[in-house]
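Below you'll find the structure, written out as structure tokens, and then a few comments.
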């Protein structure tokens, strides 16, 4: 019988200044896949079902902590002031983990690509060792810290500048990710010294301290692509390309059809069902779900919305937060939908704005329809019943209700509720003036000619 895994605490380091980003925004809040970098790290760790989440903040702490309230309200934060190295940063979690009986895993808020499989492998290795580090074998070891192994035992981590010629030949390098018993880790961290050129306390000293204390340390390997950290704008650009490539491949493998995958942009939390079709140049912002069999046509932009099975969106559609598109509904070209429910089988085929509204089943919204939902201070709702027909160029001045099976005449401005089955006409009577257009043109031309002579 498989043993129950020990409780786990995630410690996410998000305190660095990120000076190479050349930005007023704290580095953990720069976006990748429409989500803050730190959100990627938390999402990877969430697959391990941690009992506690501790995020170490520092530079821009107020901003980082405010974002954490939205993306991870369960997180406990601890501030590192001043920033004195990675070991010092992890030690700031001691108070939050007081009395915690379980393991602690250290992750980084600027390293978004560690997979749940790799992190789970660390937990498995932890069952046989007191300290587990995560290593990788890069194509170019360069100036990475080296993992000095003796068989299965990790003796120490040596920085490149301090390594002997023999140690520099080692190709097994340090990613910085660590897993250990939480109490043991805090005990070892308390023994760190800052006897180095930077005057900082390094997490990389923990394996050697563990060995000195009679504990065992080891390291497991992951793919180099998982270890990428982001320290500059250029690295963020490369990371975005890597993220998008991975998401496209994963969705195609899961049964999503993409006609030009390199032109489609996904977010961290994009969910798409199999047999959905995504045409070229579609952008998915945060919080979008597309159900099986739906079709998203070219040049559409979606965020904060849900598209049900069989629905068709676009081309050139914009779905904003709160848009709910029902089964087999259609939202066509140059249509914007916000905070609105488009029910099953309804059609909004072109050139319309539908906001703060409900559109009933099988209703048909004509071209140029606008729900006039904002009075300059407050938003108001428009409710359109099932099987209603809204004529082209109708202005629906909210709050207003159009009943089931009702119709509005083209060009109408609707300011009052329309009963079920009624036809509403809200436009001025047309009056034709014979010959007046010819006279008006002649008069205007004479005025223009007179001005030209002046």
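Backbone N, Cα and C atoms are what each Cβ position is placed from, and that goes for glycine too.
410 is the residue from 410, 452 that Swiss-Prot records in the acetyl-CoA site together with 367, 373, 374, 392, 427.
Classification of residue 231 (Mg(2+) binding site) by DSSP places it in coil, neither helical nor stranded. Relative to residue 16 (UDP-N-acetyl-alpha-D-glucosamine binding site), the recorded positions 350, 373, 374 all have Cα atoms farther than 10 Å away.
Ranking the binding-site residues 13, 85, 231 by Cα distance from residue 367 (acetyl-CoA binding site) puts 231 first.
Maximum intra-site Cα distance, acetyl-CoA binding residues 367, 373, 374, 392, 410, 427: 22 Å. Mapped onto three states, the DSSP output places residue 364 (UDP-N-acetyl-alpha-D-glucosamine binding site) in strand.
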